Amino acid sequence: MGRVTRRQLTDLPGTLGLPVALALASILAALAFGLPVLDRALPAERPVTPGEPYRVGAGVTVVPPPGATLDVTGTRPGETRGTALFRTGGVSYTIDVEPFTGNLTEAAVRLRQRITGISGHQITGTQLAVSTAGGLAGVQGGYTAGDRDGRYAVFVAQGLIIEVMVSGDDADLSTVPTTIGTLRYESHR
Amino acid sequence: MSEAVRPAAPRSVPFLRQPAFWIVVTLLAVGAVRISQIAALFFRAYPIATVTAIVMFGLLAVPFWLFVSELDFLEREPAGLRVLAFAWGGLVATSVSIPGSTALDNLIAKLGSPDLAAEWGAALAGPTVEEIAKTLGVVAIVLIARAQVNSVLDGIVYGALVGLGFQIVEDVVFAIGAVQQAGLGDRVQPVITTFLVRGFLAGIWSHTLFGALAGAGIGYLVVRRERGRRHRIAVAALALLGAWASHSLWNSPILRDSFGDSVPGVLAVLLVKGLPPLLLVLYLVRRAHDREAAYYVGILETVRDPELITEGELRVLGSGSRRAAARRLAAVSAGREAKVAVRLLQRAQAALAVELSRDSTAVEAGAGLVRERRAALAALGYPEAVEGARSWKHTASTVGTAVVALAVLWVALSALGTS
């Protein structure tokens with residue numbers, strides 16, 4: 001066994017103490033706060049071709065609302081599932097597609113529970129039948145979340161659940177098409 | 001001096017007088033507040049599911065904790081530092097990774113495309129943020145208790161415990177996310193499914209493994225001071241890169257559909273993606289353990305006192321499997337008490353070796369405990385803690401355990417709906 005020399009005792013990284021600890025905290029701050037700041041600094045919205053179907057995922061496409069842009073932070077297309085987020089003015093349109101083994105009633109219950117599971121969200125009014133431009137039957141309803149209102153619709157087709165949520169404040173919702181039926185779904189599975 | 005172990009130097013500055021200690025404590029406190037806020041949200045929305053998830057994944061942590069804690073039998077890490085490592089992973093690394101990974105995933109979508117983020121976001125964003133945040137936990141331990149990181153194996157143990165803490169908290173978050181996604185209210189079924197998938201199928205080759213790999217690099221950086229700084233920093237960077245690559249491979253779409261969705265197919269993907277890093281870490285653990293063991297056994301050889309350690313016990317003490325074989329032989333020969341007594345003797349001998357590594361003249365400091373434990377063993381009619389011949393029963397038990405583990409894995413995959 002040998003002796004621990006002075007050089008060894010002052011070697012990286014233990015005895016640099018405070019500077020290394022501050023560097024460590026800085027790296028953590030860069031990860032926790034710097035990356036989100038950078039994320040917010042870059043625009044998320046991309047133009048979409050008006051009238052052209054957009055691929056949500058799992059073979060489901062949707063024609064975006066007129067004048068809408070695509071928010072890439074809420075859009076993740078995939079082979080078996082997918083999600084798309086469109087924005088127009090202060091209104092957001094979210095479409096989620098994922099595998100599902102239940103029927104339309106179960107799908108509607110699931111979506112309503114997910115909405116009411118979010119703090120401050122409440123279902124309003126009654127649930128109505130709705131169909132897509134392609135004739136796929138579903139149900140739609142409304143919800144409120146403080147100063148924001150919303151509409152939801154849900155469809156079940158070919159082992160998939162397709163959920164649509166449209167939300168915005170009263171003023172914005174009144175200036176854009178809020179009817180779920182303006183959205184169009186085409187399953188290519 | 002041996003390159004395997006850097007004996008602990010006396011700590012000159014108490015914890016409370018180290019600025020680095022207070023920075024680490026502050027980071028832990030901030031992480032604890034953040035994770036408590038998330039937990040409070042979970043409890044309010046899904047109390048039963050949250051309690052179930054915490055209990056299930058908490059129990060899952062126990063065998064991992066015991067296994068990792070036992071890796072360094074000869075020079076066990078202090079319990080306080082093991083808890084600190086676990087807490088860093090569960091509180092600090094997770095708090096940093098939740099916003100950081102999301103932001104990086106968004107940046108991939110913005111700078112690349114939503115398709116790129118959907119396909120590769122999980123493989124690029126998560127590993128990048130999480131592996132850095134976890135590895136800094138081992139650096140934090142070096143900062144406040146460098147004397148306790150004196151072999152590569154120490155870095156592996158601390159890294160694995162940081163990873164374990166991260167894994168458990170992340171699993172609970174994913175479980176409650178699954179409950180929310182299911183939209184069926186406060187049910188435990190999504191928690192159980194998450195437990196099977198993330199805790200059971202992916203548990204072996206998850207964050208504990210990645211953390212161990214990165215921790216080995218920090219251990220090397222701290223201990224192998226006979227090498228140049230550039231070399232050590234390069235090795236530490238390579239270990240971090242290895243952890244990142246293992247994590248990225250696991251999250252990547254590579255081989256996702258290559259073997260179909262049958263049980264053998266999913267098992268094949270699990271093995272192909274998980275086995276290489278597992279074997280690499282096992283190799284590193286074995287190598288680091290053997291080097292450390294050779295160092296400490298070499299020290300005990302100089303004692304030349306059969307009251308403290310015999311020739312047979314020297315051969316046993318350096319190997320985990322031989323130590324276990326000695327305990328099994330004691331159990332068979334003199335009962336369970338003898339097995340416990342052998343374990344206590346081995347611990348005392350290991351502690352003596354560590355004492356001698358710090359001060360070669362301090363034989364009597366640890367010798368008293370060894371003599372006391374040898375007397376206890378002798379009182380059971382079992383004077384020496386040596387191994388016996390390998391028995392067919394032990395071999396059969398090992399094979400049987402492996403078969404049962406594979407069968408349970410098969411059942412779990414079948415229960416999850418794999419065809």
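Glycine is treated like the rest: Cβ placed from N, Cα and C.
Automatic, uncurated: that is what TrEMBL annotation is.
Taken verbatim from TrEMBL:
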TRANSMEM  B:20-42  transmembrane segment
TRANSMEM  B:48-68  transmembrane segment
TRANSMEM  B:80-100  transmembrane segment
TRANSMEM  B:120-144  transmembrane segment
TRANSMEM  B:156-179  transmembrane segment
TRANSMEM  B:199-221  transmembrane segment
TRANSMEM  B:233-250  transmembrane segment
TRANSMEM  B:262-285  transmembrane segment
TRANSMEM  B:399-417  transmembrane segment
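Outside the transmembrane segment (B:199-221), and at least 6 residues removed from its termini, the chain residues within Cβ reach (under 8 Å) are 56-57, 60, 64, 68, 89, 127, 130-131, 134-135, 137-139, 142, 149, 151-164, 166-167, 170-171, 232-233, 235-240, 242-244, 246-247, 250, 270, 273-275, 277-278, 280-281, 284-285, 288, 409, 412-413. For the transmembrane segment (B:156-179), the partner stretch with the most Cβ pairs below 8 Å, chosen from B:48-68, B:120-144, B:399-417, is B:48-68. Sequence-distant contacts of the transmembrane segment (B:48-68) (same chain, six or more residues past either end, CB-CB distance under 8 Å): 39, 42, 82, 86, 157, 160-161, 164, 168, 171-172, 175-176, 179, 186-188, 190-192, 194-195, 199, 203, 208, 212.
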